[in-house]
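J.: Take this structure first; my questions come after.
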Amino acid sequence: MRGGQGAAWAPVLQFTNCRILRGGALLREDLWVRGGRVLDPEKLFFEERRVADEQRDCGGCILAPGFIDVQINGGFGVDFSQATEDVGSGVALVARRILSHGVTSFCPTLVTSPPEVYHKVLPQIPVKSGGPHGAGVLGVHLEGPFISREKRGAHPEAHLRSFEANAFQDVLATYGSLDNVRIVTLAPELGRSHEVIRALTALGICVSLGHSVADLGTAEEAVQSGASFITHLFNAMLPFHHRDPGIVGLLTSDQLPPGRRIFYGLIADGTHTNPAALRIAHRAHPQGLVLVTDAVPALGLGNGRHTLGQQEVEVDGLTAYVAGTKTLSGSIAPMDACVRYFLQATGCGVESALEAASLHPARLLGLEKHKGTLDFGADADFVVLDDCLRVRATYISGELVWQAEVAGQ
């Protein structure tokens, strides 16, 4: 019924005693919801002469748009890069479990894998609306295999690829159908990459630059070809240098197409990115900052050995490594923890920290009219937070899908 025929007759919910994140500010207003969407109360009063059918007291909490995670490799023992017979049930389990962390939409992420894995897994992860069953799937993020050997990080070298003569046909042969794909991370210094970037963006797929040794000029050319995102800034790329700042330099580049904004992912887990680096990025380009978890299947499981695609991962405390090495292998921090750490590390406002996990990823994907906002007409996907930004409840389409008290927390 969400926003469709019959929505006008759906019950009206009024969330009271709350602060709503709207337009970059926390406003002491009520949130009105009907038919899965945020409602303008003035139209309700003056045009329909209706009041709320039900009021819910939020106890002074913050109501923020639901978090959107555009880079998550799995969690709770589920590995999205494993070609199992029932990939869908694993995605569903993660979708359900991340509700407790305020995530209402996500992009399941596959790391570098052999073609047969993509061919088997991708058709099993369709775009799907969120609800009581779990967070919505916005499309898959393919991180690799068209990346730099030198900056491959935790990606298995044996399965890395470069673009062949018929570059885009090579992409299709590697991945199979792109119907369920939303983001592709690639290294722009690879030959024929600009041809691929143009072809992917023409299909509405977001191209991200990462796992790369590109200099700034190469990165700027990639953005001019259509790339709009940077995968986990600072990690798996050349370090900033004052004579050639590399991909990091895109944050302040004057060579971007007019009206275009570059977005960049940051892993604020206390391990991947030093607090000073978080502050530098935020102060240089706050409107492009997108918090990502880069969570691995070990999320929620604790110490021990786990998988990430074709590799084995070892978790020690708060850090995940490729087994037998000191190479970082994704994160084990959930999104709400990343939001809290980012707030504490940067000293930014609560509003900025929350928008980095909601509005900014929505803008990256062109969804800001419906997701990442509590403006009138938007999907009523939101998270209820206390003053310490701990999740108290999660709603999708105005429906309660997770609550701390019910879960015994």
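Just so you know, glycine gets a Cβ as well, placed from its N, Cα and C.
Here's the feature list from TrEMBL:
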ACT_SITE  ASP294  active site, proton donor/acceptor
BINDING   GLU143, HIS211, HIS232  Zn(2+) binding site
BINDING   ALA154, ASN235, ALA236, ARG243, HIS272, LEU328, SER329, GLY330  substrate binding site
DOMAIN    62-401  domain 'Amidohydrolase-related'
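Tell me what's around each of these sites.
T.: Residue density at ASP294 (active site, proton donor/acceptor): 30 other Cβ atoms are found within 10 A of its Cβ, drawing on all protein chains shown.
Counted within 10 Å of its Cβ, the other Cβ atoms near ASN235 (substrate binding site) come to 18, all protein chains included.
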J.: Could you give the maximum C-alpha to C-alpha distance in Å for the residues ALA154, ASN235, ALA236, ARG243, HIS272, LEU328, SER329, GLY330 that bind substrate per the record?
T.: 30
J.: At the Cα level, what's the spacing in Å between HIS211 (Zn(2+) binding site) and LEU328 (substrate binding site), rounded?
T.: 13
J.: If you average pLDDT over the domain 'Amidohydrolase-related' (62-401), what do you get?
T.: 96
J.: For Zn(2+), what surrounds GLU143, HIS211, HIS232 with a Cβ no more than 8 Å from their Cβ centroid?
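T.: Not counting the recorded site residues, we get GLN71, GLY144, ILE147, GLY153, HIS155, THR185, SER208, GLY210, THR231, ASN235, ALA236, ASP294.
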J.: So if I draw a 10 Å sphere around the Cβ of HIS232 (Zn(2+) binding site), how many other Cβ atoms end up inside it?
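T.: Step by step: centre on the Cβ of HIS232 (Zn(2+) binding site), count other Cβ atoms within 10 Å, giving 25.
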